[in-house]
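**Student:** Handing you a structure now.
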Amino acid sequence: MRISYTPQQEELRRELRSYFATLMTPERREALSSVQGEYGVGNVYRETIAQMGRDGWLALGWPKEYGGQGRSAMDQLIFTDEAAIAGAPVPFLTINSVAPTIMAYGTDEQKRFFLPRIAAGDLHFSIGYSEPGAGTDLANLRTTAVRDGDDYVVNGQKMWTSLIQYADYVWLAVRTNPESSGAKKHRGISVLIVPTTAEGFSWTPVHTMAGPDTSATYYSDVRVPVANRVGEENAGWKLVTNQLNHERVALVSPAPIFGCLREVREWAQNTKDAGGTRLIDSEWVQLNLARVHAKAEVLKLINWELASSQSGPKDAGPSPADASAAKVFGTELATEAYRLLMEVLGTAATLRQNSPGALLRGRVERMHRACLILTFGGGTNEVQRDIIGMVALGLPRANR
């Protein structure tokens, strides 16, 4: 096994770093980091992504017929990591989870319409799965879609629909067979692509302590063409699980951790304690930084292994057990890593961005708050452990 970048991958990293240095101007970086809105001032989030799409980078790991460069999943991972290092926004759910599911299960017409627009950075998705009474128990969802001629009529409510303010469509799980119940309730689920401009669709913001906002979305007699159903009717559960497997891996890039580690290390090298000793020379500081570095390296290798095992975006993706294992390790590592880095910074590390005395622009504090949501976004880590036990270890299903 080669546990390093190939010469070609090193060249790609250099090319991407040069590209992002030009893309992320001081003005764009400042606008994206503003506390106004989840991803900065005005339309800078979508404009930045559209620029990456026009430049051909956003979907470089996709087949050329869909607007990509036909590169490997490893190259796509390198792009994701370099974007994170540069602070450039990437629509992970759209690019890395919804789009591969469309490639695997969508009709030719759906592929022709959605995929080139996603690759161009012009089309964004939100995920509509969780409901007030169906979060962890997703198969218990109650949002209905009733067939009426060439349309479905959708009624219901979803929770935790993130990035809805930027979305053109919602990837929506609905119940098309109300008769399914008990152990077979997952068999009555279908997936629809719902325009956010559809009559009867609305949403309200949900502000969180973690920092990133999310939303509640509402569907009141929303008419969705049958042509917008992905896969067969009542057979949407495999699409949901396929998308979630991709999502769980997309949540756990180590690049932001390495970025914060570098900033904290440099700060400790240039900051002295009350006795005049550099903080970096304290053993406990060195241990904290070393623990973060070592575990982030392990996460990087996990992602490399997952990317190397995929033949491309049309691949079925990681196994449920591998996706869940990466998600549990990566999200819990992030929480612990930012906590250890905040210990090094001291009490001022708890001050938020733009607060007087905030260290490193409040970046580590914000990342610590934001990463907490990842332990249950895409499926709670408790359920991920159940999946690992059942699929990888052959243990019986947990009683919940």
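Here the Cβ of each residue, glycine as well, is placed from N, Cα and C on the backbone.
Heads up, here are the entries from Swiss-Prot:
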type     : residues                                                               : note
ACT_SITE : GLU247                                                                 : active site, proton acceptor
BINDING  : ILE127, GLY128, TYR129, SER130, THR136, SER162, THR380, ASN381, GLU382 : FAD binding site
**Student:** Can you give me the same-chain residues 6 or more apart in sequence from TYR129 (FAD binding site) with a CB-CB distance under 8 Å?
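**Tutor:** Long-range Cβ contacts: LEU138, LEU141, LYS158, ALA173, VAL240.
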**Student:** Using a 10 angstroms cut-off on Cβ to Cβ distances, just flag whichever of GLU247, GLU382 is the loneliest among these recorded positions.
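**Tutor:** Looking at the recorded positions GLU247, GLU382, the Cβ with the fewest others within 10 Å is that of GLU382.
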**Student:** Excluding near sequence neighbours, so keeping only residues 6 or more apart in the same chain, what lies with its CB under 8 A of THR380 (FAD binding site)?
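**Tutor:** In sequence order, the residues whose Cβ lies under 8 Å from that of THR380 (FAD binding site) (at least 6 apart) are THR136.
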**Student:** Please list residues from the chain of ILE127 (FAD binding site) whose Cβ is under 8 angstroms from its Cβ, counting only those at least six apart in sequence.
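**Tutor:** Set apart from ILE127 (FAD binding site) by at least 6 residues yet with Cβ under 8 Å, we have LEU93, SER97, VAL98, THR161, SER162, VAL170, TRP171, GLN243, GLU247.
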**Student:** Can you tell me whether DSSP puts the residue listed as 'active site, proton acceptor' in helix, strand or coil?
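**Tutor:** It is helical.
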